[in-house]
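Listed features, source TrEMBL:
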DOMAIN    99-234  domain 'Fatty acid hydroxylase'
TRANSMEM  12-32  transmembrane segment
TRANSMEM  66-88  transmembrane segment
TRANSMEM  94-112  transmembrane segment
TRANSMEM  133-152  transmembrane segment
TRANSMEM  158-180  transmembrane segment
């Protein structure tokens, strides 16, 4: 039993909970004080290097989430109707399903993401929109071209859900976790005690390397592991060094 049972269907929860959580978690980061001693980039860098205004980023994220909501609600409702009476699996089985979904999502996103960099047309006209945020921040985590948002995130999420065989209830947990991880990877802060930095090598600094000009062709893996980067030679090691005036810098270990 879950806290929303009897109030909201699992299908609605799986569709809208990740969207609400995105804005709650990203909004939390946005409302924090400057925290200059934990930033991976200075506030001046964020203001001068990013090539897209904040209002445009918000509109782009909302558009992607609208498409995601339509696809997710249709998919979750259709699979629930086809399954008839749904029996929630045991906790160990749900953990296994989430692990499978994490691997499938990582695999899909790595190869689609990498191809969007290698194909000059796709990079110029589609993926470069995300890289207009040279200095990532939390609310911009899902700022993508609509086509990229559909292919990379929405289709990737749908495939992960279908391959893993999870229920809509388990999917709600998985997609909420994926959203929080994605937002954290783009937050631009190296906060002490952050569990994602402790348990995941693929974290805020790891993805920050990819947003740097010298790291564009490295660290494609997202949002969970660094497996494919290491297997296929696109892993870029880095050092996290303190800046003299406060904060940190994710610096490429080799160039």
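Using N, Cα and C of the backbone, Cβ positions are placed for all residues, glycine too.
A quick note: this is a predicted structure, and the numbers were derived from the prediction, not measured.
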Cβ contacts under 8 Å made by the transmembrane segment (133-152) with residues that lie 6+ beyond its boundaries: 22, 25-30, 41, 45-46, 49-52, 54, 57-58, 60-61, 63-65, 67-68, 108-109, 112-113, 116, 125-127, 182-188, 207-208, 211-212
DSSP residue counts for the domain 'Fatty acid hydroxylase' (99-234), split into helix, strand and coil: 95 helix, 1 strand, 40 coil
